[in-house]
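**Student:** Summarising the annotation, Swiss-Prot assigns Mg(2+) binding site to ASP14, ASP16, ASP183, ASP187. Residues annotated as active site, nucleophile in Swiss-Prot: ASP14. Look at Swiss-Prot and you will find LYS160 tagged as substrate binding site, backed by sequence analysis.
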Amino acid sequence: MQGLAGSVRVAALDIDGTLTERRGAARLDGCSIAVARLLNDLGVTSILMTGNSLPVARGVAVYLGLEGPVVAENGCVAVVGGERVHICSGRPPEGLVKRIMELGFKPSWQNEYRYHEYSLIPVKAAPGIVERASAIAEEEGYRAIWSGYALHIQPPGGGKARGVGEVLARIGAGWSEVLAIGDGENDVEVLARAGYSGAPGDAAEQAKRAAKIVARSPGARGTLEIIQRVLGGARAPAC
């Protein structure tokens, strides 16, 4: 999989665990800047795909210097060419959210800025808590997605693959032209569909199995490693 710079038009990148220092960390790695500059230098369109709220995702894109589309809330909302696109409709009902919170979750501060998803943080680790939350959500026709950082409750019709697919259609690109990199269970569908895909070295096992390349390094350093490998050893700024 060497020397494919001409075949890759789009890089779809997760944020947390992919541009941060490692999986579970919230601090951006200095290598994330090198990733952004390398993609810009190569003329590859970036798509940030994240479970974060849209303001957070757009803020990360702006400060990294990535001018491509943004997919937020695990595919429920996107910004393409300055236009906000809603892929999901509505929000989970308060009663459902309350039932799931009673398992041992608390609200994320980002919920105030979300259009469709509701995000919950585990109060403490408890075996089977995510599986029980998913079962409750499914009973009422909703999805509960674990990102490695939070539990995301979303209406039907979401998912990162759905959001990225909507963006690709709008920019005239196909899945075969995409290099996707992600570390979480919520990235698996995109990793499986993309023509080229990778996971940082400390990614979730589901992501590693779905990816075509698994980096040696964690977090953003692993992401940079994957990009350089797929794009023929392209040189990146030091980080």
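Placement of Cβ uses the backbone N, Cα and C atoms for every residue, glycine included.
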**Student:** Could you state the whole-number distance in Å separating the C-alpha atoms of ASP14 (Mg(2+) binding site) and LYS160 (substrate binding site)?
**Tutor:** 10
**Student:** Could you name the residues, excluding ASP14, ASP16, ASP183, ASP187, of the same chain that surround the Mg(2+) site, i.e. Cβ within 8 Å of the Cβ centre of those residues, in sequence order?
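**Tutor:** What remains near the Cβ centre is ILE15, GLY17, THR18, ARG23, THR50, SER147, GLY148, ILE181, GLY182, GLY184, ASN186, ALA203, ALA207.
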**Student:** Take the Cβ of LYS160 (substrate binding site) and count every other Cβ within 10 Å, whichever protein chain it belongs to.
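**Tutor:** There are 31 such Cβ atoms around LYS160 (substrate binding site).
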**Student:** Inside 10 Å of the Cβ of ASP14 (Mg(2+) binding site), count up the other Cβ atoms and send me the figure.
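**Tutor:** I get 31 for this one.
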**Student:** Taking only C-alpha atoms and a 10 A limit, tell me which of ASP16, ASP183, ASP187 are near LYS160 (substrate binding site). These are the binding-site residues.
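**Tutor:** Neighbours among binding-site residues, in sequence order: ASP187.
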**Student:** For ASP183 (Mg(2+) binding site), write down the residues of its own chain that are at least 6 apart in sequence and whose Cβ falls under 8 Å from its Cβ; none is a fine answer.
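**Tutor:** ASP183 (Mg(2+) binding site) has long-range Cβ partners ASP14, ASP16, GLY17, THR18, ARG23, GLY148, ALA199, PRO200, ASP202, ALA203, ALA204, ALA207, GLY219.
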**Student:** According to DSSP, does ASP187 (Mg(2+) binding site) fall in a helix, a strand, or coil?
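**Tutor:** Reduced to three states, the DSSP call for ASP187 (Mg(2+) binding site) is helix.
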**Student:** Tell me, how many other CB atoms lie within 10 A of the CB of ASP187 (Mg(2+) binding site), whichever protein chain they belong to?
**Tutor:** 34
**Student:** Check LYS160 (substrate binding site) against DSSP and tell me helix, strand or coil, would you?
**Tutor:** helix
**Student:** Using a 10 Å cut-off, grab the number of neighbouring Cβ atoms around the Cβ of ASP16 (Mg(2+) binding site), all chains included.
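**Tutor:** By my count, 24.
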